[in-house]
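Participant: From Swiss-Prot, for reference:
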- ASN243, ASP257: Mg(2+) binding site (BINDING)
- ASN308, GLY365, ILE366, VAL367: substrate binding site (BINDING)
- 46-274: domain 'ATP-grasp' (DOMAIN)
- LYS78: N6-succinyllysine (MOD_RES)
- SER161: phosphoserine (MOD_RES)
- LYS338: N6-succinyllysine (MOD_RES)
- 1-37: transit peptide (TRANSIT)
Amino acid sequence: MAAPVGAQARKLLRDLVLRPPLLAARSQVVQLTSRRWLNLQEYQSKKLMSDNGVKVQRFFVADTANEALEAAKRLNAKEIVLKAQILAGGRGKGVFSSGLKGGVHLTKDPKVVGQLAKQMIGYNLATKQTPKEGVKVKKVMVAEALDISRETYLAILMDRSCNGPVLVGSPQGGVDIEEVAASNPELIFKEQIDIIEGIKDSQAQRMAENLGFLGPLKNQAADQIKKLYNLFLKIDATQVEVNPFGETPEGQVVCFDAKINFDDNAEFRQKDIFAMDDKSENEPIENEAARYDLKYIGLDGNIACFVNGAGLAMATCDIIFLNGGKPANFLDLGGGVKESQVYQAFKLLTADPKVEAILVNIFGGIVNCAIIANGITKACRELELKVPLVVRLEGTNVHEAQNILSNSGLPITSAVDLEDAAKKAVASVAKK
């Protein structure tokens, strides 16, 4: 058996297993979840798996109560599980605007499936991860409910420290894997996979054994692991997480629940998958930002951040916190910026009623600071900017950019560095 991973497992699981990035400053933490990235509904992920030989529960998808009833009859199962399809977690404890409690229900009666679906479809489901008003449910998944005699955890993910895919597993599944990594790190197992050679039979067998699959189940589990890895490569995933990866009393190895993350840079060759992206659950401002190749994440503060590069954006949020302020958003311009993008970015930021100041923090490597400056002055004039604006520019054509701003006659506050910019932005809000 392969040696279990100790302290390394904690870091690996903390950093790489389906957890959004965290920005911490002093005692405050902001959780950033970018929903602009591709997200698939549960039924879509399961169909991808099923189409590629991975064992999942039998299921149907319905968008009316009658379809759900007919699907339940067609399943002809001893027990049926009905699941509302939304991207947010916590469905089981959610509440519908119809009054129904719970987005996941078990029943043995197909008629009950129809009755429950009638209270789900077309109604908003509110969970801990949705906005207060919830998210409208458009589809439900009607699946065969299988007994689970044992639950394990399995994930395949890209690990930059290993320069390739890594197989991570634990015989303790069905729970938060980070809790396992923290309390029982010896129960986390890892197999580094050579991306050129692919997964070896010995690696799949060893992981199956470490997960506690014995006898015929060991070969069955190893086969499923290899199929999951092949799917991982085929669809350009950055992570496939199966929790639980379990066995049934009848001796079947089944992927009961799965979450898949995709490499957005592979969209050009994964058009069918990216066409499934349901943007209807996004905040309207996120979809509007995406139209102009802007990455936007709304936060609950009052200082808007207008930055190029995700790392710089996170650092900007951090330093605002350190100086006693709260960021209102995370807006990343990216690389090849045009004046029109700068204008649209300002339009988005000023449309947010929470915003009381705007901090522009640009490091011009690829980005031309002069283009940014021209976009800023145009936006300020045409949008009649009414909130304080603090600008810190550095890099390509910065002197030309500074001249554009200083000669504009607009009330723009310049900053010499990020620390100075954050202090001035926080101070501008404090004066109100």
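Positions of Cβ are set from backbone N, Cα and C atoms, glycine also.
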Participant: Do you know offhand how many angstrom separate VAL367 (substrate binding site) and ASP257 (Mg(2+) binding site) by C-alpha?
Facilitator: 42
Participant: What is the one among the modified residues LYS78, LYS338 whose Cβ has the most other Cβ atoms less than or equal to 10 Å away?
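Facilitator: The most densely surrounded of these modified residues is LYS338.
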Participant: Tell me, by DSSP, whether SER161 (phosphoserine) is helix, strand or coil?
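Facilitator: Helix, per DSSP.
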Participant: Let me make sure I understand the structure: which of the binding-site residues listed (ILE366, VAL367) has the fewest other Cβ atoms within 10 A of its Cβ?
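Facilitator: Counting other Cβ atoms within 10 Å of each of the binding-site residues ILE366, VAL367 gives the minimum at ILE366.
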Participant: If you draw a 10 Å sphere on the Cβ of the residue listed as 'phosphoserine', how many other Cβ atoms land inside?
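Facilitator: There are 12 such Cβ atoms around the residue listed as 'phosphoserine'.
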Participant: At the level of the C-alpha atoms, what whole-angstrom distance separates ASN308 (substrate binding site) and LYS338 (N6-succinyllysine)?
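Facilitator: Their Cα atoms are separated by 12 Å.
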Participant: I'd like to confirm something. Which of the binding-site residues, ASN243, ASP257, GLY365, ILE366, has a Cα closest to the Cα of LYS338 (N6-succinyllysine)?
Facilitator: ILE366
Participant: Which ones in the same chain are close to ASN243 (Mg(2+) binding site), with CB under 8 Å and 6+ residues apart in sequence?
Facilitator: GLU151, TYR153, LEU154, ALA155, GLY173, GLY174, ILE177, ASP257, LYS259
Participant: I'm trying to understand the geometry here, so how far is the Cα atom of LYS78 (N6-succinyllysine) from the Cα atom of ILE366 (substrate binding site), in Å to the nearest whole number?
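Facilitator: With distance taken Cα to Cα, ILE366 (substrate binding site) is 61 Å from LYS78 (N6-succinyllysine).
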Participant: Once the DSSP letters are reduced so that anything not helix or strand counts as coil, what is LYS338 (N6-succinyllysine)?
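Facilitator: In the DSSP reduction, LYS338 (N6-succinyllysine) maps to coil.
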Participant: Round to the nearest Å and give the CA-to-CA distance linking GLY365 (substrate binding site) with SER161 (phosphoserine).
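Facilitator: Answer for this pair: 26 Å between alpha carbons.
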